[in-house]
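Right, one structure below, let's go through it.
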Amino acid sequence: MTPFSPRPPTIAALVTTVLAAGLVLAGPVWLPREAAVAAGLALFAIGLWASSAVPAGLASLAFFALAMLLDAAPASVVFSGFEAKAFWLVFGGLILGIAVHHTGLGTRLARRVGERLHGGYGLIIGGLVGIAVALSFVIPSSMARVMLLVPLTTEVAERFGFAPGTRGRTGMVLAVILGSNQPAFSILTANVPNVVLMGLAEHVHGVAFTYGEYLLLHFPVLGLGRAALLVAAILLLFPDRPRPRSESVRDAVAEAPLSRPERAVGLILAAAVALWATDWLHGVSAAWVALTAGLVCLVPGAGLTPKDTLNGRVNYEILFYLAGVLGLGGLLAHSGAGRIAAEALLPLLPLDPGNPLQSFIVLALGFIAIAPFTTAAGLVAVVTPLAGDIAHASGLPLDTVLMTQVVGFSTMLLPYQVPPLMAGCLLAGEPVGKATRLTLTMAAITVVVLLPLTYLWWSLLGWL
């Protein structure tokens, strides 16, 4: 390859940009203008995010500019990501992460975790996924879990001898990111789309799901089963061998006592986790808890964060990226592009009222195919109102159709579909392309292994 040969990511970005331009210009022939422009902008932004041809934050800024220049939607829609709770949760989480690292608390915690996970690479990956799944029962926000676990995991990776760029570090980071998200779709309160589904099902159809019912239906296969297969997939795609320094994992020297800043940050972090875990009791969003905790860490003179935290340490690229993804979701919803995609695809599905296995598999695959156009929460908003008609066409009970959406929105094809995944990769400095390999592998595993197991489990429970 000559020095002037374009890299594959650049080629991919150029191809998607040309296709996006064609969709914006020619799309109105068969689509409403708003939907065509939104679809073109989505293809453009997703192409840049997925290819990593340019920094993710720059891609988001380009999306904002083009959306406004093309009058794709009101500014309140395009820039809605800056108003979203997820944006401020990440902002507060970034400051907390800086404080944990600055005070040395992160190094101390990493040593403790390293001691518990000392062993083979499989034990490390399995342990990290287990920790992430366990926290899903306690912290009702995958973004909060990612913001908490990723900085700690990078510290642990260093102590096991995994430098940036190694397969071991990538595997560990993806273990906590996907472990915090994918199995958590089987826990009703752990992810936003689950809660949106619960609310819409009751509001539109009068169907109310209990926590225990939802957990029994999904957790054995989509929770535990998916977590186990996630460990296997990481070991397959990112094999490595830990090379810990003896003084890092088996530190024989007594540690120094906790410093005052460490104790302060530890108390702030413990209070934040406690408030995240009890949001059902006090009603305060995890975002405002994280923002407040971050502000406390920034108090001048406390010594909990560096003086240049806001103008030198905070990674604003993550924030611009996240605002872009959320703004894109708002644009797709406002334009009706997601609804049009769903209404066009669903009638084409070969549903058979006399064959529940075929109807279940076809519906699950259909929802998986629609999700990239709507995002996870958007899929729920688009499909749930149509669930009655889908139930009639498929011969499946309404409750089953509603719950089949969980299989669809929990099976991501590309990282951009789940903002915590992209945010976690950017926070850890891991290439999004490596995460894409894992999400595509997990999607294939879901279709081949988890879909049949889910059908058998639901049949045993009387749902099919």
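Cβ atoms here come from the backbone N, Cα and C positions, even for glycine.
Look at TrEMBL and you will find 86-107 (among others) tagged as transmembrane segment. Here the transmembrane segment (86-107) has long-range neighbours at 141, 143-144, 146-148, 150-152, 155, 259, 261-262, 264-266, 268-269, 272, 285-295, 297-298, 303-306, 309, 313-315, 318-319, 322-323, 326, 419, 423, 427, meaning same-chain residues at least 6 beyond its ends whose C-beta is under 8 angstroms from one of its own.
What TrEMBL lists as transmembrane segment is 119-139 (among others).
According to TrEMBL, the feature transmembrane segment maps to 215-238 (among others).
Positions annotated as transmembrane segment by TrEMBL: 264-281 (among others).
Taken from TrEMBL, the feature transmembrane segment applies to 287-306 (among others).
Residues or ranges marked as transmembrane segment in TrEMBL: 318-337 (among others).
For 357-384 (among others), the entry in TrEMBL reads transmembrane segment. Outside the transmembrane segment (357-384) by six or more residues, the chain places 42, 46, 191-193, 196-197, 200-201, 204-205, 325, 328-329, 332-333, 337-339, 341-342, 345-346, 349-351, 390, 394-396, 400-402, 404-405, 407-414, 417-418, 443, 446-447, 451, 454-455, 458, 464 with a CB less than 8 A from a CB of the stretch.
Marked as transmembrane segment by TrEMBL: 438-458 (among others).
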Interface check, the transmembrane segment (264-281) with the transmembrane segment (119-139), three or more C-beta pairs under 8 A: yes
